[in-house]
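Undergrad: Sharing the record's features from TrEMBL:
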TRANSMEM  65-84  transmembrane segment
DOMAIN    71-499  domain 'Major facilitator superfamily (MFS) profile'
TRANSMEM  111-134  transmembrane segment
TRANSMEM  141-158  transmembrane segment
TRANSMEM  164-185  transmembrane segment
TRANSMEM  197-216  transmembrane segment
TRANSMEM  222-242  transmembrane segment
TRANSMEM  305-326  transmembrane segment
TRANSMEM  338-363  transmembrane segment
TRANSMEM  370-393  transmembrane segment
TRANSMEM  405-425  transmembrane segment
TRANSMEM  437-456  transmembrane segment
TRANSMEM  476-495  transmembrane segment
Amino acid sequence: MRSSLFRRHRYDSSETEPLLQTVPSSSINYNEPAAGNNGAMAEVGVSQAVLVEPKEDNARKLPQYIAALSATLGAVAAGTMLGWSSPVVFKITQANNTDYPFDVSSFEGDWVSSLINLGAAAVCLPIGLIMDALGRKKTMLLLTLPFTLGWLLITFAPNVATLMAGRFITGVAGGAFCVTAPTYTSEIAQDSIRGSLGSFFQLMLTVGILFAYVVGSYTSVFVFNILCTIIPLVFCVVFFFMPESPNFLVVKGRSDEAREALIKLRGQNYDVDSELTNLQNKAEDAKNNPVSFLSSITKKTALKAILICYALMLFQQLSGINAVIFNTSSIFSSAGAAIPPAIATIIIGVIQVIATFISSVVVDKLGRRVLLLFSALVMCLCSTALGVFFFLSQTHGAEASIVQAISWLPLLSLSLFIIAFSLGFGPIPWMMAGELCLIDIKAFVGSTAGTFNWLLSFTVTSTFNLLNTSIGEGQVFWMFAGIMLVGFIFIFFIVPETKGKSVDEIQYMLGAKPETLRNASEKN
């Protein structure tokens, strides 16, 4: 059987499409000019189908929330993996380190911090094939094994090489969760709450980072590592009782099991048979109407969507966010801030959790484009302010009166930076592949964009301290500010607003011809 990445069908197991009600074609205006990036598309008719939401009022929501939260416990484990290096690497690279029976140089510390990115990048493509073969639930349960192995190697490492191996393996598990958990939550959710459930992963990821900041700052490295080892085991126990994705079960021809899963997720009073029939029809259509992957990915609309997805990942990582998260303690220590580095790090973590929660509430109200523009602008200003502080500290000395007078600036700037990132550039780039790309290229673009993101994260975190030494901390943050300025311009002129838009409307904004959309609608 050929890989689903290279032979795509008009079927996406992550979506449950609303019902279609046919209307007379005479009421549709296909010659309307395309709207601008932020133009309203409500008046532009680009399809012969009017989307009508299925009636879901009698479905139970609580089982879906429980299943989604259970799945995203894996995100907490991934978050501890990301936040681990901020309190721990700062400790173990000190001259008087007693947490490990070996010394860790600053250079080795950079590799210990950043190796998880290589592990995550290595797994992004194969994990899509694995979860399509084994199922979403079974794949996530099996990820408990590399997570546990990685944390055990980190906990009992006899040398730096073993510590690095443990970080790489936990990176593999964490990166795999970043693909599987969002897929699972999107497939079990009704349309009316898919956005809320989809935001759980990013939120729980920040909870895991905060856990690492708090516990890692006030316990020994050994105790902290043991607690991190327990989290994926708790996930395994809790998630074991959750149902498999109904979409996956239908694709595999296990319709009876899919019906049982839908009943568990929606309740006995929900019209399970209607949704199950819809899933079966899409699966059948996928078999009968294969679409060439090469022709799908070389279309003008697909190329523009790929450009936007990859560019947003580029700007997300080159904003310096992971350099900030991984090195928060070091930044505050070198800045000589009045607040102890551990407290400042925890404050940053709390702010990140709160801002991510707010983003999950407002993203469907304010829109993606507005939040991205706001995020880029504020992050640019904050990086500029940090650059000024470190430049003055480097030029005049940390004890200079002008530096002492603005000792509050690092905490304020980093706090606003995290807020802005969490509102826009944190969650939205991961959403755009699902919104801009059609079904036949969505999985490929999402996987490769994820790989690109983790590789960029590795590059930034592994070179952050080297850049600080070679060109100065102030100049590094000014470089990040310049990149975000370019990102702001790119978003303003290129990125469309996808809030509330149908698939046809989004493709129309990307440059699809109305006739093409009309023909696609007639075929469907």
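Yeah, the Cβs are placed from backbone N, Cα and C, and that goes for glycine too.
Since we're looking at a predicted model, the values are computed, not measured.
Locate each feature and note its surroundings.
TA: Through the fold, the transmembrane segment (65-84) approaches residues 116, 140, 143, 147, 170-171, 173-175, 177-178, 180-181, 184-185, 188-189, 193, 197, 200-213, 216, 224, 228, 231-232, 234-235, 238-239, 241-243, 265, 322, 325-326, 349 of its own chain, all at least 6 residues removed from its boundaries and within a Cβ separation under 8 Å.
In the predicted structure, the domain 'Major facilitator superfamily (MFS) profile' (71-499) carries a mean pLDDT of 84.
Within its own chain, the transmembrane segment (197-216) is flanked in space by residues 64-65, 68-69, 72-73, 75-84, 86-88, 178, 181-182, 185-186, 188-189, 224, 227-228, 231, 325, 328, 342, 345-346, 348-350, 352-353, 356-357, 359-360, 363, 422, 426-427, 430-431, which lie at least six positions past its ends and keep a Cβ under 8 Å from the stretch.
Proximity of distant same-chain residues to the transmembrane segment (370-393), defined by a Cβ-Cβ separation under 8 Å and at least 6 residues beyond the stretch ends, is recorded for 312, 315, 319-320, 334-336, 359, 362-363, 400, 402-403, 406, 409-410, 412-414, 416-417, 419-421, 423-425, 428, 472-478, 480-481, 484-485, 487-488, 491-492, 495, 497.
For the transmembrane segment (405-425), same-chain residues at least 6 beyond its ends with a Cβ under 8 Å from one of its own Cβ atoms are 206, 312, 315-316, 319, 321, 324, 328, 331-332, 335-339, 344, 347-348, 351-352, 355-356, 358-359, 362, 371-379, 381-383, 385-386, 388-389, 392.
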Undergrad: At a Cβ cut-off of 8 Å, and with pairs 6 or more apart in sequence only, do we get at least 3 pairs between the transmembrane segment (141-158) and the transmembrane segment (338-363), yes or no?
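TA: When sequence-distant Cβ pairs are counted, the transmembrane segment (338-363) does not touch the transmembrane segment (141-158), since fewer than 3 lie under 8 Å.
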Undergrad: Short question: most Cβ pairs under 8 Å with the transmembrane segment (111-134), which of 164-185, 305-326, 476-495?
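TA: Answer is 164-185, with the largest number of Cβ pairs below 8 Å.
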Undergrad: Which residues of the chain, 6 or more past the ends of the transmembrane segment (305-326), have a CB below 8 A from one of its CBs?
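TA: Hits for the transmembrane segment (305-326): 82-83, 85-86, 89, 113-114, 117, 209, 297, 372, 376, 379, 383, 414, 417-418, 421, 425-426, 428-429, 432-433, 436-437, 441, 445, 449, 452-453, 456-457, 459-461, 464, 476-477, 480, 483-484, 486-487, 490, 494-495, 510.
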Undergrad: In the same chain, which residue numbers or ranges, 6 or more beyond the ends of the transmembrane segment (164-185), come under 8 angstroms Cβ to Cβ?
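TA: Hits for the transmembrane segment (164-185): 14, 67-68, 71-72, 74-75, 77-78, 81-82, 108, 111-113, 115-124, 127-128, 131, 136-137, 139-140, 143, 146-147, 149-155, 157, 197-198, 200-201, 232, 245, 430, 446-447, 450, 454.
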